[in-house]
Amino acid sequence: MGEASSPAIAKDVTELIGNTPLVYLNKVTDGCVGRVAAKLESMEPCSSVKDRIGYSMITDAEEKGFIVPGKSVLIEPTSGNTGIGLAFMAAAKGYRLVLTMPASMSMERRIILKAFGAELILTDPLLGMKGAVQKAEELAAKTPNSYILQQFENAANPKIHYETTGPEIWKGTGGKIDGLVSGIGTGGTITGTGKYLQEQNPNIKLYGVEPTESAILNGGKPGPHKIQGIGAGFIPGVLDVDIIDETIQVSSDESIEMAKSLALKEGLLVGISSGAAAAAAIKVAQRPENAGKLFVVVFPSFGERYLSSVLFHSIKKEAESMVVE
């Protein structure tokens with residue numbers, strides 16, 4: 001992963017994962033006293049941070065002898081991006097992959113998963129990720145040679161962020177980072193990346209991000225929201241809650257508006273959870289005590305995956321009603 005076998009040509013698609021760029025946010029940060037740089041996980045080979053764990057969970061299971069290409073059936077509940085991270089890996093390695101996903105996730109996700117040859121089963125959106133997890137467990141019980149990768153419980157998830165994302169951010173900022181801002185889905189990114197960064201400098205602050213509508217880490221109740229990929233409605237096993245200094249709440253509407261602003265003002269087309277993370281990072285960077293500090297925010301996915309979602313609803317209608325001039 002990330003270390004090409006020849007100076008210029010990668011051995012296969014797995015060597016393209018990681019080493020994503022960092023870029024300053026310049027206009028949406030008006031009024032901030034701290035600086036904000038985005039880690040563009042939207043520039044992974046399959047356009048999301050989940051490419052890292054798709055690689056790590058499959059590789060880890062192979063090394064432990066739990067799965068064998070051509071024989072094992074991989075099963076996983078997903079909100080979409082982990083499914084895509086697993087699907088391109090499964091295609092490259094020759095695995096049958098069965099995914100369960102809430103029906104509320106974007107149409108692009110369904111199409112991309114099928115394009116990679118994954119089998120997809122939709123679950124009741126009202127049951128959220130819990131419903132997808134239950135369905136995956138049912139399928140595994142009746143499918144021979146099946147293996148659930150369990151992104152919410154799998155130690156290979158935070159481990160890859162500890163080994164790659166954390167060091168990349170530390171190196172990319174020259175060790176000058178003061179805080180990390182990351183949305184919490186499985187919790188793998190903030191747990192692994194955060195652990196590495198705090199080992200380098202214990203003063204680095206870790207800020208989680210969750211939907212206002214499902215603010216369970218702040219003691220609220222799980223509820224429906226529009227920020228695909230974060231706010232699973234339960235506390236995942238891989239999330240180390242003790243490592244987090246503060247979990248910031250951002251509403252679905254705030255997240256959508258910020259994602260739109262990032263495209264219009266920064267030239268960055270990103271998903272709704274990136275909007276949530278950016279909105280949280282800006283709140284932190286506006287605090288007087290953070291003057292001159294550098295915050296890195298993780299942008300988990302590319303905006304094109306959300307064309308059918310509420311993020312682009314008004315633009316889609318406008319585009320569909322256009323006429324030849």
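From the backbone N, Cα and C atoms, a Cβ is placed for every residue, glycine too.
Same-site candidate for pyridoxal 5'-phosphate binding, as annotated by Swiss-Prot with ASN81, GLY185, THR186, GLY187, GLY188, THR189, chosen from SER255, SER261, SER273: SER273. Most buried of the binding-site residues GLY185, GLY187, GLY188, judged by other Cβ atoms within 10 Å, is GLY188.
Taking only the Cα positions, the spacing between GLY187 (pyridoxal 5'-phosphate binding site) and LYS50 (N6-(pyridoxal phosphate)lysine) is 12 angstrom. Shown are the binding-site residues ASN81, THR186; the one with the most C-beta atoms within 10 angstroms of its own C-beta is ASN81. Between THR186 (pyridoxal 5'-phosphate binding site) and LYS50 (N6-(pyridoxal phosphate)lysine), the C-alpha separation comes to 10 Å.
One way to see the shell of the pyridoxal 5'-phosphate site is to take the Cβ centroid of ASN81, GLY185, THR186, GLY187, GLY188, THR189, SER273; the remaining same-chain residues with a Cβ within 8 Å of it are VAL49, LYS50, GLN151, SER182, GLY183, ILE184, GLY229, ILE230, PRO300.
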